[in-house]
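Listed in TrEMBL for this protein:
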- 14-274: domain 'G-protein coupled receptors family 1 profile' (DOMAIN)
- 6-25: transmembrane segment (TRANSMEM)
- 37-60: transmembrane segment (TRANSMEM)
- 80-102: transmembrane segment (TRANSMEM)
- 123-143: transmembrane segment (TRANSMEM)
- 174-201: transmembrane segment (TRANSMEM)
- 213-234: transmembrane segment (TRANSMEM)
- 254-277: transmembrane segment (TRANSMEM)
Amino acid sequence: IAMPCFTMSLGAISNLIALGILVKSYARFRRRSRTTFLLLVGALLATDLVGHIIPGAFALRLYLAKMHWSAVDRSGAFCQLFGACMVFFGLCPLFLSGAMAVERCVGVTRPLLHSRAVTSTHAKLAVALLYILALLVAALPLAKVGRYSRQFPDTWCFLQVHGTLSLTDLGLTLVFSGLGLASLCLSLLCNSLSGLALLQARHSTQSHDIEMMAQLAGITLVSCICWSPFLIFISLSVSKSFSGTDYDLRHYQWLVFLGVRMASWNQILDPWVYILLRRAVLRRVYRVLNPHRQLAHSSFRTMEKDQQNASLH
């Protein structure tokens, strides 16, 4: 029980700290190009916060019952809701990361179009639509399209990925995996285009553009590392189960379990990427790593001020 308590507490505290910093940044920076990005980041952090607490509470309830499913899920509703939360809060961060990448790509490569078309209202509408899409996918098994089941080692629920599968089970799991991998690929593509554009315009690039791209690149990297194994493992597992070929079931159960553990850390690491890749933090790190250069820069600025004062007198 110590592990779910630790990860749930760490995830909640990390996201609350990041949301507090984000609120201050939103109040301080009123640039529209930055406001839309901050809205998307806020939606991501809020989703990570709720997505860590609710599934964590389900897992904690199981641990408190000493894994006796009959004591907490006599009707089967517990597992259905647990699985729906896993799907919904799994897709939402991936969708939002993709939306952030698209927003920055348009902002960097087509700034005039961004200033005209990308507004706070449009950002809120996009977030709502992405939530609805994730909710529709999560609700399908509740409408008997696919199914949720207990997963190894009987500590969580998710789409059926092992054992006897129907065509619907296969299709729904591949839809989940495909949407997740497509979001990651979209983020990588948009970030690459944005990075190239910033390199080409490095002389006119503003510091807030670099800060946002650094945060977005960090979030995308973390998402790829945390989510790719799980999305790939469940695709392989359902493909082998549906085809009926002989395979090491326990090996794939362990792979999927390891993948979901890695995916759960995405919600803990996202806020720290935002916190640590802010301009204020990067400046401090730069000063620590280059104290001599910073001293020379300060001395040069002091000499310039002395010369200006002397010329005035």
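Quick reminder: no glycine exception, Cβ is built from N, Cα and C everywhere.
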Interface present between the transmembrane segment (37-60) and the transmembrane segment (174-201) (three or more C-beta pairs under 8 A): no
Remote residues contacting the transmembrane segment (6-25) - C-beta distance under 8 A, at least 6 residues beyond either end: 38, 41-42, 45-46, 48-49, 52-53, 56-57, 60, 264-265, 267-268, 270-272, 274-275, 278
Touch test for the transmembrane segment (123-143) and the transmembrane segment (254-277), at least 3 Cβ pairs under 8 Å: no
Same-chain residues at least 6 beyond the ends of the transmembrane segment (80-102) whose Cβ lies under 8 Å from its Cβ atoms: 37, 40-41, 43-44, 47-48, 50-51, 54-55, 58, 126-127, 130-131, 133-135, 137-139, 141-142, 148-149, 156-159, 176, 179-180, 182-184, 186-191, 194, 216, 219-220, 223, 227, 260, 263, 266-267, 270
